[in-house]
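*Asks:* Take a look at this one; I'll ask things after.
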């Protein structure tokens, strides 16, 4: 404990003394350099848009079906509270207290600044390929305005296997019939002469037929090549759609969080409106109720298998999107006394409920499709992009006013994608601005130039995805860019904050913001539970590793090796930056490697909240014994009086 309160430092050169004014300039915003959210709702909706993405619609329903349907919700909810909410709370608190981007915030423990750079690299990789998925949805959105949906028939882009009667052909096979000349023949229902000609039919049989929606995506939209080695030429339609996607991102972020905070009101609410409309419409279709029953029908025996619990943990982790850097970045623009705990709980639960609700909608549609095809629901269920670009287009073409339902669905996917993409690009942009504040903070033109540069560079790199072999490369990025690496980043982040920075110190940081000390269970969650779960997920996913495939195509081994390089390009930043920092410190101070590590593990003198009264509040907490900290709560509002109350307590104590 300091001998007197003159030893309480606000900054390197300013001390608190009896006559000092510890309050800073009172403008409309707490952080005059970086700015704050205009409204709390801007932040909450930004976090919700960031967390709720395409995976909620096209991954969760499939994972739920694969792991015991309704029974899967039990491990899913357990993992939400065991690891999901604690990780989100950790990152929102960290970002809000430090008011910095993902790299500069590691003044908390400079030895681990590589964690911030790893998050930055992950965000760059995601931003590059995620916008390509948005480009696909834009392509389908524009195609939906045609008088006749282009995937409702076999066009000049189709192959001989394309059949507009694939449903009838599949039904024919199920009845032990033979499909020939676009008609179904049953042996006992035709005469011997006709049957003799049918037996020798050379038509492609039903199991090898493909629907117009399948061929439209692969032959018309992608014009996909045979393999990853054959990159082929650029698809100019996709080039333009990708350009539009990046232009929209730049427009939404033109004024930073002030403009993106307005855009999220649309990207956050619109998907729920569309999902509700689609659910109401699908419930009027034959077979939809069967699909919903199938979705919720529990297979309780599956709860005894480790894979179900592993998949639940994986789904929670990748759905809430911690360790990308987005949550830290978004919360860094909060006001100091914002209740980030309630935000963490709300966003986490809302994201999970959205996944369950989206599954309800998707399975009602799948139930209808199964009834139309007269097959089991399990024969129709697919996950991933196939659901969006082949299954749903096949369903929507059968509905009255099919263009309307198609426009709504793909506009919903566009908004879901943009919500995540905007936050991801914000992370990249904010990181660079915080690293070079003298260059960007006071100059709006330079800020805009930086944003345009980021969008342009990412667009140029992303053009590879617009090639005929681009889908294979996209699949490689999707499998590796933000999967295995995030688990390592998250594990190091938890260990660094809870063990090196110190969980007790972190709880005091939160106390200075919220006005009360968080429950001790959070200390155990961050020190033991979260690292253990992350390690378990890591082992589970690595043990479950399978070579990359796309449809029936299995990627060559060298492509998976390239995928691992993509994955670890971010993780390598952690040891590389750590070694660089140690060498730099050792040369400057002439210390040993061990002493350099110890010094770098300590907080930088400049670490902490932006405003001086908030720093004083936090520093005063260190000066009071635990029994007196509880007696002075709740805090008095986070202004000058807050720090003065704490200092009076300190004076009385000494």
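Heads up, the Cβ atoms here are built off N, Cα and C, so glycines get one too.
Remember, TrEMBL labels are computer predictions, not curated facts.
Pulled these features from TrEMBL for this protein:
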- 14-33: region 'Disordered' (REGION)
- 17-28: compositional bias 'Polar residues' (COMPBIAS)
- 43-61: transmembrane segment (TRANSMEM)
- 51, 52, 56, 319, 416: Na(+) binding site (BINDING)
- 73-94: transmembrane segment (TRANSMEM)
- 115-142: transmembrane segment (TRANSMEM)
- 154-162: disulfide bond (DISULFID)
- 234-254: transmembrane segment (TRANSMEM)
- 263-280: transmembrane segment (TRANSMEM)
- 312-333: transmembrane segment (TRANSMEM)
- 345-371: transmembrane segment (TRANSMEM)
- 404-428: transmembrane segment (TRANSMEM)
- 448-474: transmembrane segment (TRANSMEM)
- 480-503: transmembrane segment (TRANSMEM)
- 524-543: transmembrane segment (TRANSMEM)
- 563-583: transmembrane segment (TRANSMEM)
*Asks:* For the transmembrane segment (448-474) and the transmembrane segment (524-543), decide whether they are in contact, meaning at least 3 CB pairs lie under 8 A, counting pairs 6 or more apart in sequence.
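*Replies:* Answer no: the transmembrane segment (448-474) and the transmembrane segment (524-543) share fewer than 3 Cβ pairs below 8 Å.
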*Asks:* Does the transmembrane segment (345-371) come near the transmembrane segment (404-428), with 3+ Cβ pairs under 8 Å (pairs 6 or more apart)?
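*Replies:* No, these stretches are not in contact.
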*Asks:* Could you pull out which residues elsewhere in the chain have a CB under 8 Å from any CB of the transmembrane segment (480-503), counting only those six or more residues past its ends?
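*Replies:* Contacts of the transmembrane segment (480-503) (Cβ under 8 Å, skipping residues fewer than 6 from its ends): 87, 90, 94, 108-109, 111-112, 115, 118-119, 122, 125-126, 129, 317-318, 322-324, 523, 526-527, 530-531, 534-535, 537-538, 541-542, 563-564, 566-568, 570-571, 574, 601, 603.
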*Asks:* By Cβ distance under 8 Å, which residues at least 6 away from the ends of the transmembrane segment (115-142) in the same chain are close to it?
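*Replies:* For the transmembrane segment (115-142), the far contacts come to 54, 101-106, 221, 237-238, 241-242, 244-246, 249, 323-326, 328, 385, 388-389, 393, 406-407, 410-411, 413-414, 417-418, 420-421, 424-425, 427-428, 431, 458-459, 461-462, 465-466, 470, 474, 477-478, 481-482, 485-486, 489, 492-493, 496, 566, 569-571, 573-574, 577.
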*Asks:* Write out the long-range same-chain contacts of residue 154 (disulfide bond), meaning residues 6 or more apart in sequence whose Cβ is under 8 Å from its Cβ.
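*Replies:* 162, 163, 164, 212, 215 - these are the non-local Cβ neighbours of residue 154 (disulfide bond), listed in sequence order.
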*Asks:* Which one of these stretches, 43-61, 312-333, 404-428, has the most C-beta pairs shorter than 8 Å to the transmembrane segment (263-280)?
*Replies:* 404-428
*Asks:* Can you tell which of 51, 52, 162, 416 has the least company, meaning the fewest other C-beta atoms within 10 angstroms of its C-beta, among these recorded positions?
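*Replies:* Candidates: the recorded positions 51, 52, 162, 416. Fewest Cβ atoms within 10 Å: 162.
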*Asks:* Take the Cβ of residue 319 (Na(+) binding site) and count every other Cβ within 10 Å, whichever protein chain it belongs to.
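*Replies:* Other Cβ atoms found within 10 Å: 24.
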*Asks:* Using DSSP and three states only, what is residue 162 (disulfide bond)?
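*Replies:* Strand, per DSSP.
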*Asks:* Cβ pairs under 8 Å only, please: of the recorded stretches 43-61, 234-254, 312-333, which one is richest in them relative to the transmembrane segment (73-94)?
*Replies:* 312-333
*Asks:* Near residue 56 (Na(+) binding site), which residues of its own chain have a C-beta under 8 A away, given they sit six or more steps off in sequence?
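*Replies:* Spatial neighbours, sequence-distant, of residue 56 (Na(+) binding site): 319, 351, 354, 355, 358, 416.
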*Asks:* Under DSSP, is residue 416 (Na(+) binding site) part of a helix or a strand, or is it coil?
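*Replies:* For residue 416 (Na(+) binding site) - judged by DSSP and reduced to three states - the answer is helix.
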